[in-house]
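Taking it in order: structure first as structure tokens, then the write-up.
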Amino acid sequence: MTSPAPTIGVLALQGDVREHVAALEAGGARAVTVRRVAELRGVDGLVLPGGESTTIDRLLRVFELREVLRERIAEGLPVYGSCAGMILLADRVLDGAPDQQTLGGLDVTVRRNAFGRQVDSWEEDLPLPEITRGGPPVEGIFIRAPWVEEAGEEVRVLARLGSGPAAGRIVAVRQGDLLATSFHPEITGDDRVHRYFVDVVRERVAG
């Protein structure tokens, strides 16, 4: 018997909200947008899209979502952060704005805008065996993206860059039910990263 579709929210303050919603629905979830505390309380998991991490941090406070979201993460809410979402989930940030705060939860140190300006963005196919399960690699599109400088012992490294000046840098991690990627899978039409996250949420809901 197939388990019911989990309800996964997409934080709708900035970023590729529609693309994330479409990828989640293709992956078998019921996707909803989240802008208010009441909407956040009704989800089984959450996606933090890309955008500008300092702006999202400020908007989380404006919409009074920040503390509630920190509490839900501490309680075990599955969360997937892409690009700026990775920064928001990180416990430590290098090259952040002076007053920038994160939600935390991932025992990683990330470097903000590690790939440089938007014109210095990077593309690379990533094997991601835990997600692709023997299939073709995932297209990684990095736009002013962070990378992980250091990862704690409980953090699973899912992908590193294999070429270019940043070869060896960590660009996808998982710790418990928290998932983060430096790249933007939502804009490639490949829903496998989102499908993987939907499975994470489904397993959490099933207990």
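The backbone N, Cα and C atoms fix where each Cβ goes, glycine too.
Over in Swiss-Prot, the protein carries these features:
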type	residues	note
BINDING	Gly51, Glu52, Ser53, Arg112, Ile143, Arg144	L-glutamine binding site
ACT_SITE	Cys83	active site, nucleophile
ACT_SITE	His184	active site, charge relay system
ACT_SITE	Glu186	active site, charge relay system
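According to DSSP, Arg144 (L-glutamine binding site) is assigned to coil rather than to any helix or strand. Taking the C-alpha atom of Arg144 (L-glutamine binding site) as reference, the shortest distance to any of the active-site residues Cys83, His184, Glu186 belongs to Cys83. Non-local contacts of Glu186 (active site, charge relay system) by the CB criterion (under 8 A, 6+ apart in sequence, same chain) comprise Asp16, Glu19, His20, Ala22, Ala23, Pro49, Ser82, His194. Here Cys83 (active site, nucleophile) is positioned 9 angstrom away from Glu52 (L-glutamine binding site), judged by their C-alpha atoms. Among the residues Gly51, Glu52, Ser53, Arg112, Ile143, Arg144 said to bind L-glutamine, no two Cα atoms are farther apart than 13 Å. The Cβ of His184 (active site, charge relay system) lies under 8 Å from the Cβ of Asp16, Gly50, Ser82, Cys83, Ile141, Phe142, Ile143, each on the same chain and at least six residues away in sequence. With a 10 A radius on its CB, Arg112 (L-glutamine binding site) counts 21 other CB atoms from all the protein chains. Neighbouring residues of the recorded L-glutamine site, listed in sequence order and excluding Gly51, Glu52, Ser53, Arg112, Ile143, Arg144, comprise Gly50, Cys83, Ala84, Ile87, Asn113, Ala145, Pro146 (Cβ within 8 Å of the Cβ centroid). Summary for the recorded positions Cys83, Ile143: the Cβ-based neighbour count within 10 Å is maximal at Cys83.
Residue density at Ser53 (L-glutamine binding site): 28 other Cβ atoms are found within 10 A of its Cβ, drawing on all protein chains shown. Per-site Cβ counts within 10 Å over the binding-site residues Gly51, Glu52 peak at Gly51. According to its DSSP assignment, Glu52 (L-glutamine binding site) is coil. Glu186 (active site, charge relay system) falls within a helical segment according to DSSP. Cβ-based neighbour count (10 Å, all protein chains) for Arg144 (L-glutamine binding site) stands at 19.
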